[in-house]
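First the structure, in the form of structure tokens, and then the observations on it.
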Amino acid sequence: MMASSYNAKDEDGHITVSGPGGGTLRSKKPENTAFKQQRLPAWQPILTAGTVLPAFFIIGLLFIPIGIGLFVTSNNIKEFEVDYTGVDMSSPCFNCSQNFSWNSTKPCTCTIPFYLDQPYESNVYVYYGLSNFYQNHRRYVKSRDDSQLNGDVNSLMSPSKECEPYAFHENKPIAPCGAIANSMFNDTLELFYNDPNGTRIPIPLNTTGIAWWTDKHVKFGNPGGNNPNLTAAFQGTTKPVNWRRPVYELDADPGNNGFINEDFIVWMRTAALPTFRKLYRIINKKSSMVPTLPRGNYTLEVVYNYPVRSFEGRKRVILSTISWMGGKNPFLGIAYITVGSVCFFLGVVLLIIHHKCGNRNNSADISN
Amino acid sequence: MAREGEDPGMAKASKVKRQRKKKPKENKTRTVHANILYDNAKGEENPNRNYANNKIKTTKYTVLSFLPKNLFEQFHRFANVYFVFIALLNFVPVVNAFQPELALAPVVFILSVTAIKDLWEDYRRHRSDQEINHMDCLVYSRAERRYVERYWKEVRVGDFIRLRCNEILPADVLLLSSSDPDRLCHIETATLDGETNLKQRQVVRSFFDLDCDFDPLKYNGIIECEKPNNDLNRFRGYIIHQSGRRDALYKENLLLRGCTIRNTEEAVGIVIYAGHETKAMLNNNGPRYKRSKLERQMNVHVFWCVIILLVMCLFAAVGHGLWMFQYGDKRPVFDVLSPEGTDLSPIMSAIYLFLTMIIVFQVLIPISLFVSIEIVKICQVYFIHQDMDLYDEETDSHLQCRALNITEDLGQMQYIFSDKTGTLTENKMVFRRCTVAGVEYSHDANARRLAMYQEMDSEEEDCTSHSGTLPRRDSVTSHQSARVVLRSQSTKSHRRTGSRAEAKRASILSKHTAFSSPMEKDITPDPQLLDKVNECSSQMDFMRFHSQPMSQLPSDLADIIDFFIALTICNTVVVSSPNQPRQKVRMRFELKSPVKTIEDFIKRFTPSRLTSGSNSSSSSSLITNRSSNRGCSSLLSSPSAESTLTKLDEEQPPRGLEHSFGPVPPCYNGKAWNLEDGELRYEAESPDEAALVYAARAYKCSLVGRLPDQVTVELPHLGKLSFELLHTLGFDSTRKRMSVVVRHPLTDQITVYTKGADSAIMDLIKPPDTGKRQIKIVSRTQNYLNLYAADGLRTLCIAKKILSKEQYACWLQHHLQAETAIQGREELLFDSALRLETNLQLLGATGIEDRLQDGVPETIASLRMAGLQIWVLTGDKQETAVNIAYACKLLDPEEEILTLNADSQEACALLLEESLHYIQAKFLCSSTDQAAKAFHSNFAPFEIYPSSSPSSSSHTTPFTVLRLGLVIDGRTLAYALDKSLEDKFLAVARSCRSVLCCRSTPLQKSMVVKLVRNKLKVMTLAIGDGANDVSMIQVADVGVGISGQEGMQAVMASDFALPRFRYLQKLLLVHGHWCYSRLANMILYFFYKNAMFVALIFWYQFYCGFSGSAMIDQWYLIFFNLMFSAFPQLITGTLDKDVSAETLQQLPQLYVNGQNSEEYKPYMFWMNMIDAFYQSLVCFFIPYFAYADSDVDLFTWGTPITTLALFTILVHLGIETKTWTWMNWLSIAFSTALFFTVALCYNASCPTCYTPSNPYWTMQRLLQDPLFYLLCVITPVAALLPRYTVVNLCLTEYKAMRISVPLKCLRFSLMLNRSSNVSLPLASSWIKLVKMLTAKRCKV
């Protein structure tokens, strides 16, 4: 990339001055070492057109193919997204969204039909997406007690003050405490494939494997360790205010219940940006022959529990396959292509300038 | 003995003061009683109990007080208070942003680093205190009735102390007794003022005649003296004996702490001031603290950072308020209520948020900047210290940085104010020629001799420079070349002595005694004058023999002998022979003073002579009248003398003794004489005194001994003559002369010999109506004086005056009054001297050459090429100064010289007005020619540079182009410095290429510096070597002292001390440039780095409802500056070299860079800020879009951003780094490794700790994510693309040598200016773009 010049060598010629008759003279003379004399061997990048321009071209030539590769990869990912907030009158969930609040007891269900025009070959990830939901709000992010979630019995009964004002309800400690847990997403989504014959085949949704392994097995834990009787373990606590069921009734499967319920764990990992998606379910590929989701009509059944209208939020369901680089996002590919092109372009511009001005420069020098 | 931290001492002193205030009678003076009188009484009975003891404690802290005191001191720095405030703010729950304990970490870290540094320094002080406190000395103990060994710290005021030869004084001691027969004690004051000549101190008068050994038990006086003060040259008081008799005490009676006893076997004294009240300790001020220009500029930007911070916080607060407001009453679930469950109004939460944001954004104010700058400066000072090129082998001294925090100012100097004598010149005075009684003796042989020295010097210089220009050679060669240099050096100073070993020994010796190089000593006499001297003295001898009156001597011959007598005795030169084995002294003394009469023989070999001769050479070779009538010393009653004698006998083998009584050459043998006399050493306070004494010796008129009241001179034929020294009226800069009053032993007349500057003496010459001959002498001498001055010689006039007994008695009366006065003694003595020095008779004048130091013209030339204005301020007379100025190429023969000599204010105003007009006229008509011409002459392009570049700062006016020199004398300068004229004077002076102020007083020097500094707003450097430069050195931005021959006062006052003037070149051009550019770049980088990092969080506020949330984990946020990105910038700030040392010295023009603050301009700060914002945008939004609408969580998204920011910042530093050593690579690798190690450990350590971020396993997962690596590649590239392009754009166009970028940019734009005249629309638009970019690079 750049020409280099090593311009120093070790010069360690120590000169000791000693009087022939009398003893050694202690001279204050500084030592002649490369370091002390600031003559350490050094690489001085000499930036000339010859060394700099290739750098631009090399970056350009490297980045553009990478960008194209990323872009293609991203485009191969299939993604389907459906908004079920129910803002429009036409939306099936309009009614549910209208008269709904955290306190309503009667569940409201809405059915959203949709059509997939491509078959989804590999594992399909089902996400729910929220917009305008500031999970990254400073006070919100803090409002949790990690040791309670880790199964610490003391923290279970006396949650940290970070959870305030969601630490106690009616003098009972809330489990799980804090605002994050309190606002947990609680819509239920079910997916049906509408057979061309008209039958609705429910698609099996996998509820496990959606959280980080370390979260489920290290960070989160139920009080009382592996005690299968969670009801007893959570004795003396109360459910968060907005929850319908206590934490030990989140799932029938004891391996996915209580604090180690994966939906709960996923929710507790607060999103970075106000528009986010969270993994809800995974549709595993059954066999290599049949696509996981064939082309056709589908129905999404939503139990509409989660109010978002108060903050102009949106709720979505996303079905997506993923690649080695995650979900569908063409940005990185485009960015690589852009930066690569800019570098290439700059290289060309510099080359031109170098040729034009460089020559004139020389002549000007001579005329001086 | 150099110690700092006077605080405790002062505190103690003030405590003492306070205690004394209770007793009003002790208010003004200190009364010292001998402890012996009180039987070592403790407590209340001891009258000396209130005085400080001799234990010194220069430490600031004790074990207990360290923490509170150190913290208190650190909180004087505003930044520390600010950071503590922020850390404490974090403890308030409503506004806290981080774990409160964590937020304390950085400030605690910074405080503790400083505290550890202070502690270490204090410990070192403690160690050296201990060492000093535990030195031994002999204190008289009443109980044991003898002197016992005590530690220094146990010495108290009032103790009697016995001092032996070569001992260091533990306290300020009043000399009561000395083993010297003349009641003298010689001390070396090198540790106090650096003067290596011995000084004489006298026993207090009342003990002077004390017959025998001093017995402390018999002492019964009470001493009243001044309170402790720091004036080394003043001590007043009196001693009250039991009889009621009072005797005055002078500074001649006081031995100061830290001095060394020399040439005196034994002395006894009483402690007057001890410990912190000693003059030496009171004189120790700590190192000076100056604020550099760069730091001043930087502080402005720190202030701007505060404003940016507040604006950002305000913006976020308003944003948060609005964000809250838009939800109205419908409170969203994520807007958490306050812990109490109450709802916060948007306004209240905005206010809380404002405080939170201050905590989050605190990094914008670079907490570690101040510490980093200190570290870098210490490293810079270290490297400057270590530079071999700034080491002077001859004196074995190297550069000293006394002010640690203004290294970068060295790179920004604009004006240099230099002293002449000792700074530009060697201050090795060599006698060149003289005129006696109107007859000139040209001393051609002497001139030839000097020319020979010059030649050999220049040969040697060639040799040195030859080896200097080829610094890069393998070790063998460099070794050899070093040896060559070594050899040539030794041959230089000791050509006469031959053998190398001997030369080396002599060079070691000569280090201890100033002014004794053979060049100064061996003066070849003018044969004509020598004949006359011989003739004259033989006549005198004849006359004495025949007891004829001396007045019959022909007057010209009388003048000659008087002239030489004056040269010999009218000074303060002390004769000594230190470092010689004792036997040798004796041997020499035997050889040299031939025994003429049996009386002499007896006198000389009485035991008393033996004792004294063995210790003190100054008294060794004397035949004094007084010694014979001093009974006691010859009686040898004291045991100490006996013991000395025995010692002597032991030392001297009997054979030697026999030899000493053996036959001695009875008459002068020229050769032997020379050889023997070579051993006599003259120690003079100023080099011209020594030069004159050596000159007189060349004419066989040699000074052989000096006592306080007697001077002994050896004259040819006449032998030794003792002049009774009645008074010495010392030299001062107002009178510009000194006088001695002696009784002439031959004529028995009271004679005044005066020596001084010609202007001072000529006015005092007897009115010319007295005699035709005198008029002729005066006019001729004046002619020769002008001639000498034109040759660049320093001129001195010698005059005498004979006083009648009555006149003398009359004057003496007044003088004694003046001497004994306690109030205003200095003024009275001054007046008294003025009364005496009138109606003088001119004897002659001398011309002394002050040789230029090596490399002065070259240094001046290159400093001038570097755009520095050099002014010379000297006390010398105009002609001399002008000639030296020509010699050192300060003035050019082609230059026009404006000379300003005015007698009155009005005349001065007129002159200034005229010269101003002249300059303007000249400038107007010749500016274009000049510019054109300038291009072709050697260094002109850089003179044209300031005028042709609009970007250069305003101080450089177009006037500087003129080739004009200004010479102004002291009197005119006084007028010109008047308020009404100073602007005009400056206008004239700044348009001249060089300015020479002659005959200026120290005060004027400092006024000139102050005027230029304040009015022109330029950076000034003052360089000087003597006490008269101290005020100038202190006033200038940077004071440089030459640690040469004239003592250490200038060095003590300076910020940097150099052994030689020529080192200024490397100091300024190389180290100054480096220090400045390194520090400037580091500071800019610091601002950039912090702004870039903080801006990341700021952008995030738009996506978190301005809630003060940070995606960067609190650990990273807090330690990013302190740990992850700290080392590379320190390494670069210490080691980076934008241009190599060789190039910097070859192209002094590059210095302009620093003068115009090219590396640190206000817009550069803003450009860096803009760049920082751009880079942070890239670093924020690339990950933002890459992770948009994904399931990424807060810290899994924030950690890559931190990593990217770190990479970007490091690569940015890489672009800015011009020189890559392995240390740079290592530091960058270390930073990266440290970040990942810390991140991995931190993220694996605890799954439930570190609320609220809880980044468990984040980094580990990220490292498995290909997206993370893809981001790491693209983001730094995208972020740094503009900067890299612009840097390259500048460099590509200047593929020339590696010279500094801004200069290249400048030339480039100049070139573009010219080429844009060529009408090529397309090309010119390109050029505009390029120009814009180029300009940007210069800014960035």
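Just so you know, glycine gets a Cβ as well, placed from its N, Cα and C.
These come from TrEMBL:
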type	residues	note
REGION	B:1-30	region 'Disordered'
COMPBIAS	B:14-25	compositional bias 'Basic residues'
BINDING	B:Asp419, B:Lys420, B:Thr421, B:Glu689, B:Phe731, B:Lys755, B:Arg794, B:Thr874, B:Gly875, B:Asp876, B:Arg999, B:Lys1005, B:Asn1028, B:Asp1029	ATP binding site
REGION	B:457-506	region 'Disordered'
COMPBIAS	B:477-491	compositional bias 'Polar residues'
REGION	B:609-661	region 'Disordered'
COMPBIAS	B:647-658	compositional bias 'Basic and acidic residues'
DOMAIN	B:1051-1286	domain 'P-type ATPase C-terminal'
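Projection of TrEMBL feature records onto the structure.
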residue   : record           : Cβ neighbours (10 Å)
B:Asp419  : ATP binding site : 30
B:Thr421  : ATP binding site : 28
B:Phe731  : ATP binding site : 18
B:Arg794  : ATP binding site : 23
B:Gly875  : ATP binding site : 23
B:Arg999  : ATP binding site : 23
B:Asn1028 : ATP binding site : 23
Averaged pLDDT, computed only over the residues in the domain 'P-type ATPase C-terminal' (B:1051-1286): 91
Where B:Phe731 (ATP binding site) sits in the secondary structure, as DSSP reduces it to three classes: strand
Maximum Cα-Cα separation (Å), residues B:Asp419, B:Lys420, B:Thr421, B:Glu689, B:Phe731, B:Lys755, B:Arg794, B:Thr874, B:Gly875, B:Asp876, B:Arg999, B:Lys1005, B:Asn1028, B:Asp1029 listed as binding ATP: 25
Secondary-structure category, per DSSP, in which B:Arg794 (ATP binding site) falls: strand
Reduced DSSP assignment, B:Asn1028 (ATP binding site): helix
